[in-house]
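Before any comments, here is the structure.
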Amino acid sequence: MTRLDSVERAVADIAAGKAVIVIDDEDRENEGDLIFAAEKATPEMVAFMVRYTSGYLCVPLDGAICDRLGLLPMYAVNQDKHGTAYTVTVDARNGVGTGISASDRATTMRLLADPTSIAEDFTRPGHVVPLRAKDGGVLRRPGHTEAAVDLARMAGLQPAGAICEIVSQKDEGSMAQTDELRVFADEHDLAMITIADLIEWRRKHEKHIERIAEARIPTRHGEFRAIGYTSIYEEVEHVALVRGEIAGPNSDGDDVLVRVHSECLTGDVFGSRRCDCGPQLDAAMAMVAREGRGIVLYMRGHEGRGIGLMHKLQAYQLQDAGEDTVDANLKLGLPADARDYGIGAQILVDLGVRSMRLLTNNPAKRVGLDGYGLHIIERVPLPVRTNAENIRYLMTKRDKMGHDLAGLDDFHESVHLPGEFGGAL
């Protein structure tokens, strides 16, 4: 595996006026961009970028800057396959020659990043290509445009960067790939990170949730407080069903019984027997109700282990044709499990949880939450409900995904009546 540097180093280098290399996903452009902060642009930095890249220098900007400077889309209907939001090209109106030299382009870059600049400070068209970044940065769109703006903002600078794709020194008709980029980074003392690293860092270190509403919800397992949250950048709503006092005058947020439940429309609502999701949700609510204190966190956007409802139905088609639940996802070009628990972890922290007993049969869920500073003192298994429709699915989860599911080899049709785990408590 190619060695990468820390996001912290990359941010520090951006703040110091240095360039960094950012690599995107191999299934996307699979390229490395040279990136620096636009307000730190110098003729030497631009000349270095021109020498080792394609020379098509772009300046990613946040939406507010684009609006202030009147930077309209280059074309009304964006047909770029990655949705890169090119705007009209510009040059600085004053202090430049033709606009193409390294010195001229550095001047234009700095002016684009200047919070006092106005639309009339630029001529159109020009030799620098502004790009409009998505609000929310790499959490909304995992592109180099957003990475550049995020890095500049994280460095305490204006949300404006400069980017260009690095060309291979072995084959100048191609772009440099990961191994060659590492060599290049070492030769020039440049930090190298991935967009995935940046996404992970932001999820872990920034707050991305907002508490919206709270209401009393009477259920057949008793009464819960339903606390609603929105995920700011993903436009997804989540609900925490809370029983008892989690943290307050009589509770310290420790030893909380918690279930983090991934949304499953087919299992939770329709009662599908293809999975065990509905019974797990029911059992978790009953166990928390019996405990008298705990949380069932219902995570929206996790449908089909994060691949979405339509893809899940397509995966079901492949399973009916003989694939298992893991291979069906992979055959669709999707990960076996695409869920991220960062938002869930932030919600639990907001609710006052410090340590928990986690209701799950999935050890990976424990790892996913542990990484966000929550202390998991115990993994509490959930009852397994088997039937002829879900036994193969459960065996695949056990054998390929490491779920702790005992007794499947002794399968016989399980019969469970409604309310088995406690009824109305």
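Cβ atoms are placed via backbone N, Cα and C, with glycine included.
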Name the one residue among Gln169, Gln177, Gln280 that Swiss-Prot lists for the same GTP site as Arg259, Val260, His261, Ser262, Glu263, Glu303, Gly304, Arg305, Thr325, Thr360, Lys365. Gln280
When a 10 Å sphere is centred on the Cβ of Cys277 (Zn(2+) binding site), how many other Cβ atoms does it contain? 19
Using the structure shown, find which entry in His144, Arg305 (the binding-site residues) has the sparsest Cβ neighbourhood within 10 Å. Arg305
Which ones, of the binding-site residues His261, Glu263, Arg305, have a Cα no more than 10 Å from the Cα of Cys277 (Zn(2+) binding site)? His261, Glu263
What's the number of neighbouring CB atoms sitting within 10 A of the CB on Cys264 (Zn(2+) binding site)? 23
How many Å separate the two farthest-apart Cα atoms among the GTP-binding residues Arg259, Val260, His261, Ser262, Glu263, Gln280, Glu303, Gly304, Arg305, Thr325, Thr360, Lys365? 23
Would you mind listing, in sequence order, the residues at least six apart from Arg259 (GTP binding site) in the same chain with a Cβ closer than 8 Å to its Cβ? Gln280, Leu281, Ala284, Met285, Met287, Val288, Gly294, Ile295, Val296, Leu297, Leu358, Leu359, Thr360, Leu382
